[in-house]
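Features reported for this protein in Swiss-Prot:
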- Asp426: active site, nucleophile (ACT_SITE)
- Glu429: active site (ACT_SITE)
- Asp580: active site, proton donor (ACT_SITE)
- 451-467: compositional bias 'Pro residues' (COMPBIAS)
- Asn22: N-linked glycosylation site (CARBOHYD)
- Asn175: N-linked glycosylation site (CARBOHYD)
- Asn297: N-linked glycosylation site (CARBOHYD)
- Asn377: N-linked glycosylation site (CARBOHYD)
- Asn515: N-linked glycosylation site (CARBOHYD)
- Asn581: N-linked glycosylation site (CARBOHYD)
- Asn617: N-linked glycosylation site (CARBOHYD)
- Asn787: N-linked glycosylation site (CARBOHYD)
- 446-494: region 'Disordered' (REGION)
- 1-14: signal peptide (SIGNAL)
Amino acid sequence: MLGSLLLLAPLAGAAVIGSRSNNTEPCPGYKVSNVREGVNSLTADLSLAGKPCNTYGTDLKDLKLLVEYQTERPDERLHVMIYDANEQVYQVPESVVPRVEGRKGARPHSALKFTYEEEPFSFTVTRDDEVLFDTSASNLIFQSQYLNLRTWLPEDPYLYGLGEHTDSLRLPTTNYTRTIWNRDSYGVPQNSNLYGAHPVYYDHRGESGTHGVFLLNSNGMDIRIDKTEDGQQYLEYNTLGGVFDFYFFTGSTPKETSMEYSKIVGLPAMQSYWSFGLHQCRYGYRDVYQVAEVVYNYSKAGIPLETMWTDIDYMNARKVFTLDPERFPLPKMRELVDYLHKHDQKYIVMVDPAVSAVDNEAYEHGVDQGIFLQQQNGSLYKGAVWPGVTVYPDWFHPDIQEYWNSEFSAFFSADDGVDIDGLWIDMNEAANFCTWPCADPEQYAIDNDLPPAPPAVRPSNPRPLPGFPDSFQPSSSKRAVKRAGGSKGAKVGLPGRNLVDPPYKIQNAAGSISNKTINTDIIHAGEGYAEYDTHNLYGTMMSSASRGAMLNRRPDVRPLIITRSTFAGAGSHVGHWLGDNLSQWDQYRISISQIVAFASMFQVPMVGADVCGFGGNTTEELCARWAALGAFYTFYRNHNEIGSTSQEFYQWPTVADSARKAIEIRYKLLDYIYTAFHKQTETGEPFLQPMFYLYPEDENTFANDVQFFYGDALLVSPVLTEGSTSVDAYFPDDIFYDWYTGAPVRGHGAKKTLENIDVTHIPLHVRGGNIIPVRSSGAMTTKELRNKSFELIIAPGLDGTASGSLYLDDGDSLEQKGTAEIKFEYRRGKLSVKGSFGRSAAGVKVQAVKVLGQKAESRMSAFRSTEFELTRPMEISLQ
């Protein structure tokens, strides 16, 4: 049975030796020959140094080594690649992850240096004589379906990254395995592989600096962090294939190290101003009337709602690119969208990759174009998800973009479709409910009631919705009711591999690598890549195609796309929500380390968790705390699942109060957020940051994953436990100011207990040395907000100075015709304003300047004074 699922092409074209063996003796490693060194590069041949061990496949006899010094001081990057001599082994396609160019470094002058031992081959990367990476811990193994490499680490290292996971920000250092294999992972459990693949880690060494190590490899892998029996610390890669394609990068600070990573995987995409507003969604809104009622209720409660979302409920029998004709009929949907747009609000729906294989145009179009995944016998590959039996788009197919554009243009037409403003893509790991080998998806769908039965049809809305069209009112009102292994140099994978049951078993929480996903023996169209190698790319390729389709609809507008599955570099296309979390306090807490890791270390800065939790029933207290914490994510969305307690912010008085207060702060800060986010899209400098990014020599910050910096200026210290009204917040050796009172807090590198924190309140402190431009007040929509004047909050540092910046543009255009970039400096009691003042600053004024930590003197009659603040009304034009 198994044999029929394998690729059994001969191995004649590959430089391999023997077959799988039970030999448990150490593998021989490789020896170096034919070394050629240049000013900025090194190449060499590697040949097997002895008898093959064939532990989890066949040892490859001949390899190549490439070393490139890609950049110069102070921010340096070293590229080290070990690959097969014939270049048959799969490599991540450049069409998915474009390669960074560079041989600008010079080996004699580089702080990063590569050295090697000839036999058995090992290599070391050093930074100014400090060892960063040392593979002498074990011999290199490079087999047809297994790669192994181990590096020594310093004692008790501070390691971060290797996402996606819900473990601590600082990774455990003993008996810890990070499995990277994207999967549908409801409840986002700890110690488990989740939705995304980010094989990059950061090693922070305090005063000596920070460096990162990125392995550009999309195969499934286990990365182990542990100690040997004699206590030596190591990190070990165990991958199911691909090549060792390493990038070592460093900066003078942790922040600059993250910036260097952005040069490798790509800068994040800039988002529209409105995308930073509040978003509301739920799986289980029964019809368009209920969606409209939620919009109305937010307005009635005085809680600003920027964007309304609809989950899979809007579809006809859960089929993508369809509408339920009775519960979400097109005329009503168009009225809903028109209403939102007239009120300066936005609308987003969800699209899954899986297309129903039963009676729908998207399926017929895809079959006609041949763009769905196929079995090796040419038949369509089928799985089972929400609509029942499904097929899956092949993102490698040369015509896939044309197909995706066409479906988007028709269904989301502004003229006669659902005119969405953004997009949510889900289930794109890809998810498959059917257990491998899923021999009969049709029967599985029947046995599991897929698609599920929809709710009963309501002929009209049961309650009046003032301001909505007549068709949204109760019936009593005036209304009308209604392919195989590659050749030499192809880089698509060796022939003859077992693509569904590899000898080495990664610790995939779902079991078999084909379980609950697309079968890994599928061969993609085009170049002939195997799903075995490209599985972790599926979601990111959908992201890229979806961005293309949204730009095809509106070429001049930045598309907001939020995805579940990601790979390294996904931030250049999309934002990410953290998946199907639970309404639990531990998941509220762990979301902090998740958003910080994605934004600062993985360069996916548009990120947030489902506020109040997706699965299970939230509580009033948890939701109130989460409404406040979520206001300090970059992506701020309330979302929960069908059958759970309704958790829109207006459902409880305390939650509504918490949300109003938090959104007021967020909206005042929105241009500060927008400015810092824009900077990350230009330079890679992170917006959301762990504490050690700003205090890299303070060891007390290294493992702190319950506080974070919102930009450089704002420290967020949420209450962490149920029933508590206090939090032990750490303050580094610096000056901070209470956001609410302006009171100075002199940090001394110790924790301070903040007490009497109301459930509607979140502790915030402004870091000294910063100037924050804020809007004079909040607003119900971001469009209204943009008409508000500015105030400047000046928080003098220990030296009495402060600085800040403000970026302004039209908020939406992909290419800007006029921008303003303004710098503020405060020294010796004087404020200077400099910069480029484009037309985006027209009509924008600063109406007041607030200096924190100051008290008025009798001669300062022009200032309004509180105990710890001085505010000077004024008018500064930013034109």
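Including glycine, each Cβ sits where the backbone N, Cα and C put it.
Feature map: Swiss-Prot annotations on the structure.
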residue: Asn175; record: N-linked glycosylation site; contacts (Cβ under 8 Å, 6+ apart): Asp226
residue: Asn297; record: N-linked glycosylation site; contacts (Cβ under 8 Å, 6+ apart): Glu648, Tyr650
residue: Asn377; record: N-linked glycosylation site; contacts (Cβ under 8 Å, 6+ apart): none
residue: Asp426; record: active site, nucleophile; contacts (Cβ under 8 Å, 6+ apart): Met350, Val351, Asp352, Thr563, Arg564
residue: Glu429; record: active site; contacts (Cβ under 8 Å, 6+ apart): Asn182, Arg183, Asp184, Tyr195, Thr517, His535, Tyr538, Gly539, Arg564, Ser565
residue: Asn515; record: N-linked glycosylation site; contacts (Cβ under 8 Å, 6+ apart): Thr435, Trp436, Asn508
residue: Asp580; record: active site, proton donor; contacts (Cβ under 8 Å, 6+ apart): Ser185, Tyr186, Gly187, Val188, Asp610, Phe614, Gly615, Glu641
residue: Asn581; record: N-linked glycosylation site; contacts (Cβ under 8 Å, 6+ apart): Gly187, Val188, Gln587, Ser591, Ala609, Asp610, Gly613, Phe614, Gly615
residue: Asn617; record: N-linked glycosylation site; contacts (Cβ under 8 Å, 6+ apart): Ser583, Ser644, Thr645
residue: Asn787; record: N-linked glycosylation site; contacts (Cβ under 8 Å, 6+ apart): Ala779
